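Visitor: Here it is, the structure, as structure tokens.
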Amino acid sequence: MNMATRPVRAHMPASQLLMRHWPLLLGLAVLAVPTLIAVATGSWTGEAGVHGPIVLATGIWLFARRWQELLSIQRPGQIGIVLAILVPSLLLYVFGRAFDFLVFQALAFLGVCIAVFYASFGAEAVRRMWFPILYLGFVVPLPLWVITTLTAPMKEYVSYMATWILSHAGYPIVREGVTIYVAQYQLLVEDACAGLNSLISLTAISLFYIYILHNASWRYALFLMLWIVPVALLANLVRVMILVLITYHFGNAAAQGFLHSTAGLVMFATALLGIFVVDGVMSPVRRMLTRTPA
């Protein structure tokens, strides 16, 4: 009996990979520096982008932990596909940079990173690393009009529910739109209190948690993702109610000072803990969804 042997393809060493693709990597670095500076001094300084540094660091770690696996499957991508991704991304980057559109600049830089990654490692690597690539998309800041559009109904919901619950608890509270009146105080439910910012941060961190712990079961991961929005909205409702109670009992100065930031931190920690609790309570569902047929 004749047995054919097939040689095992040795993967390219990291140093050789860097030498081969140094023009792409150099160009990537040239684009990375101004983009990261713009994001760090812009989006990351506000509540809407507070998750950015965490997402960037953990996203890079997701690639680093599978570096040897990526080297073992490394195969250069097709030049046509590389150009199809790289050229539009560069044009969008120039547009965003020229007209100071940080959203376009950051999104274009992510596209350039994908093109360089595909050129260096190939389609199979992109397929395997689809989640880290998608996860890094949370670094891209949302445009203001998107935030305004999405927070409008959330502000209405939070202000309505907070007023309804506290009024039934006996507090002298009414609302007009997204403005809450309690005793002699007036509180405006702003975008930060609506929950979109914390929802984005919670979604990013929860997706990271789900990917690390439940990567083997996409069905359960999807099921757990469905709980992110309700948990975030509930946590923000609790935050608004806490601020209303602080205002009523201790005055407006206390609510707008240190306790305002503290309430935000407690809210986010509560929401994150809520995801962990849901994950623990839903263990039977996880076993059912991960069960393989005999």
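Cβ atoms here come from the backbone N, Cα and C positions, even for glycine.
Keep in mind it's a predicted model, so treat the numbers as computed, not measured.
According to TrEMBL, the record shows the following:
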TRANSMEM  48-64  transmembrane segment
TRANSMEM  76-95  transmembrane segment
TRANSMEM  101-121  transmembrane segment
TRANSMEM  133-154  transmembrane segment
TRANSMEM  194-213  transmembrane segment
TRANSMEM  220-246  transmembrane segment
TRANSMEM  258-278  transmembrane segment
Visitor: Under 8 angstroms, Cβ to Cβ: which one of 48-64, 76-95, 220-246 has the largest number of such pairs with the transmembrane segment (133-154)?
Guide: 48-64
Visitor: Grab the same-chain neighbours of the transmembrane segment (76-95) for me: Cβ-Cβ under 8 Å, and only residues 6 or more beyond its ends, written as numbers and ranges.
Guide: 31, 101, 104-105, 107-109, 111-112, 114-116, 118-123
